[in-house]
Amino acid sequence: MPLPQYERERWETPDDDFIDIDWVNKDLVQQPNQRLIILFHGLEGSSSSPYAKALMNLCHEQGHTGAVIHWRSCSGEVNRQAIFYHSGFSSEIDWILRRMAQQFPHTRRHVAGVSLGGNALIKWLGEQRADANAIIKSAAAICPPHDLKAGAVALSKGFNQWVYMRNFLSTLKRKGLQKLTMHPNAPIDAALIQRSQNFFDLDNAITAPLHGYKDAEDYWARASCKSFMRHIQTPTLVLNALNDPFIPAESLAKRHEASTHVHLEYTTAGGHVGFIYGKTRVSLSWLPRRVMRFFETHSGETSLTE
């Protein structure tokens with residue numbers, strides 16, 4: 001899949017840090033009623049992640065402006081502050097989306113979040129309730145872990161631990177130790193980082209103490225997005241696959257656990273942010289087109305996405 005023609009922009013954060021944004025068709029963003037698609041990626045993802053490239057390529061193809069927001073430390077450069085990002089980082093989403101609305105008031109803004117990004121997005125939507133409608137028109141959360149503890153347990157077993165978890169650990173451990181070098185007084189447990197084998201270890205060593213949680217259990221309980229779904233008042237697509245190896249099907253929200261503004265869509269296949277199709281030639285086009293169709297439904301205009 002080709003890499004979109006990104007234009008990178010750096011924004012300073014309210015706490016003297018920075019985030020990097022990769023734009024597609026930014027030169028069109030000032031056009032009246034331009035659709036602006038904002039994406040928050042998943043754990044250790046970036047604008048080069050397959051799902052990000054697929055969605056941004058579709059934005060380019062359809063003439064929309066796209067923006068991939070890199071979580072702190074995920075754009076190729078470690079951020080300045082001791083904190084970086086986590087599944088409950090809705091405050092980061094808040095100031096970014098408010099700035100987008102202020103800078104580009106005439107755009108029709110839609111937001112997608114993938115996995116960790118989807119969890120944080122749902123949390124933000126639930127916290128903002130009706131206030132979110134002045135900032136965005138609709139949202140899509142793709143494979144969000146409705147219950148962070150259930151996801152952490154799933155990733156601590158068998159194939160998941162030996163393949164997926166080890167990949168996450170390799171980069172997150174390095175970043176955690178780098179943070180300690182940059183901020184020697186940061187509440188990071190270096191010894192626990194070194195011996196971490198799962199998210200229980202890692203979230204106790206880094207995520208919880210750095211971001212104001214008592215421990216991993218407290219972080220998972222307070223940041224899990226399921227409890228926020230009942231408060232959402234913005235049209236929101238929540239898309240999960242029932243065969244996702246990271247997210248047990250039994251942990252997904254039931255219809256009564258979400259507001260009527262939330263469209264729960266659970267597919268039988270798709271894995272974790274896969275949703276590929278084709279027997280002879282694999283395609284990733286279904287996912288971005290499904291998301292874009294949902295955005296079109298709540299944008300007041302249509303374009304060809306079939």
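Our numbering is plain: 1 for the first residue shown, then up by one each step along the chain.
Cβ from N, Cα, C; glycine included.
Here the Cβ of Ser115 (active site, charge relay system) has 27 other Cβ atoms within 10 Å, regardless of which shown protein chain they belong to. Under the DSSP three-state reduction, Ser115 (active site, charge relay system) is assigned to coil, being neither helix nor strand. The active site, charge relay system annotation in TrEMBL covers Ser115 (among others).
Annotated active site, charge relay system per TrEMBL: Asp244 (among others), in sequence order. DSSP assigns Asp244 (active site, charge relay system) to coil, not to a helix or a strand. The C-beta environment of Asp244 (active site, charge relay system), restricted to residues of the same chain at least 6 apart in sequence and closer than 8 Å, consists of Cys143, Gly270, Gly271, His272.
His272 (active site, charge relay system) falls outside any helix or strand according to DSSP and counts as coil. Here TrEMBL flags His272 (among others) as active site, charge relay system.
What TrEMBL lists as domain 'AB hydrolase-1' is 36-278. When averaged over the domain 'AB hydrolase-1' (36-278), pLDDT in the model lands at 96.
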